[in-house]
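Beneath this line is the structure, given in structure tokens, with notes to follow.
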Amino acid sequence: MSQSVNGWLQRDAELLWHPYSSLAEPSPVRLVRSADGVRLQLDDGTGGTVEAIDAMASWWCMIHGYRNPVLDAALKRQVDEFSHVMFGGLTHEPAVRLGERLVEITPEPLRHVFFCDSGSVSVEVAIKLALQYQVARGNHGRTRMLTVRGGYHGDTFAPMSVCDPVNGMHSLFTGALKEQVFGPQPPAGFDRPDTDPELQAWAGELAALAERHAGEIAGIIVEPVLQGAGGMYPYSPACLRVLRELADRHGFLLIFDEIATGFGRTGTLFASEHAGVDPDILCVGKALTGGYLTLAAMLCTSDVAHTVSNGPGGALMHGPTFMANPLACSVALASIDLLLSQDWASRVAAISAGLSAGLAPAAELPAVKDVRVLGAVGVVQLGGPVDLPRLTEAALRRGVWVRPFRDLVYTMPPYVCTDADIATIGAAITGAVEEAG
Ligand SMILES: *Cc1c(COP(=O)(O)O)cnc(C)c1O
């Protein structure tokens, strides 16, 4: 490294925006020296190195770990072929093969694939497709989306409009954001049966809302079973059956945003499988490339694809410059094949059990309001906002990198974590919350 770590950090602080950051009061960042397997090597600020298990899997993406030999090889092979070509008028093997694989592994009715650069853009495209679908059906007033409170669907404008209005800070963008129809958040807890009274009350409110706005609504969009960045909040698969029924009754399209939940994270390959409900449109991203490159995909049914294609526009009106980037498609294909070549479900179940055991003692701490685990997701919710710098530091001293938000300290570890790594993560989160919560 040609400069002292403080040189880089100083220049970063003056120059670069980080996610949700201020340049007036930049919050501390740490310099990554290297990353291998599930471990990050961070500069400790005095020229030494701190090693930490990445309990975030780089924001839920890096499921097979850093410098994975299979993924590295796939990427290098494609670099030696070609790194990018435009997707207008051209195609390539990595795109076709990845498209086929996605259709194979996602719910059966999904037959067609649109590749784009990021999760947010895939949600933009999904919403655009739903609007075009309604126009093609002659339903001209249907330009709004129905969703529930507590969701997160990305940071560009259409996704932002369906994020939780409070957490998503809609007040900052009043007048610029489309006003969507928000139902109440589903009642908390994965295990509620269809007959649960709170769930039925929720279903009743949603049904009334859908009825009242039926002529304005193009589609329903939710994160199935687990709301992620909106609050790390699991809810019952039975709610998805309610939404499917409402969509069918009123002619809405049902969009599942599985950008966070896809590829095994909640214990099934896609979270919709918990409910046995098929969406009309599906968004995937994040772990799609095993965390190597930015890529997302929107999948839809033949009915949706053909209705839009035969509609007034005659086409789906979207086409990003880096659509179906060959490097990203190659590494995504390698990542999916690597996942499916293993007993990933047992691995996720073992991680789940390890997180439940490791985080259970946190439930006894006075600062803690709730502890919950679903699949390879572990969450400790505090009684108030996290002291981010103190908690990060306390976890790092215990060998673990976490990035809490609001009142939530959570982990979505790489699937390649050993049982010992998972125990370290559980102990570090519990210890850090005890010290700094
Ligand atoms: C992260 C996320 C997005 C946005 O994806 P980006 O790649 O950050 O644009 C959308 N929806 C969900 C559920 C997500 O977790």
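Heads up, the Cβ atoms here are built off N, Cα and C, so glycines get one too.
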Gly119, Ser120, Pro320, Thr321 bind pyridoxal 5'-phosphate per TrEMBL; candidate in Asp72, Asp257, Asp370 listed for that same site: Asp257
Site-mate of Trp59, Tyr152, Lys286, Gly319 for substrate in TrEMBL, selected among Arg403, Arg406: Arg403
Binding-site residues (Gly119, Gly319, Pro320), the one with most neighbouring Cβ atoms at 10 Å: Gly119
Cβ under 6 Å from ligand 1: qualifying binding-site residues of Trp59, Gly319, Pro320, Thr321: none
Coarse DSSP state, helix versus strand versus coil, of Thr321 (pyridoxal 5'-phosphate binding site): coil
Least Cβ-crowded entry, counting other Cβ within 10 Å, from the binding-site residues listed as Ser120, Thr321: Thr321
Fewest-neighbour residue among binding-site residues, criterion Cβ within 10 Å, set Trp59, Tyr152: Trp59
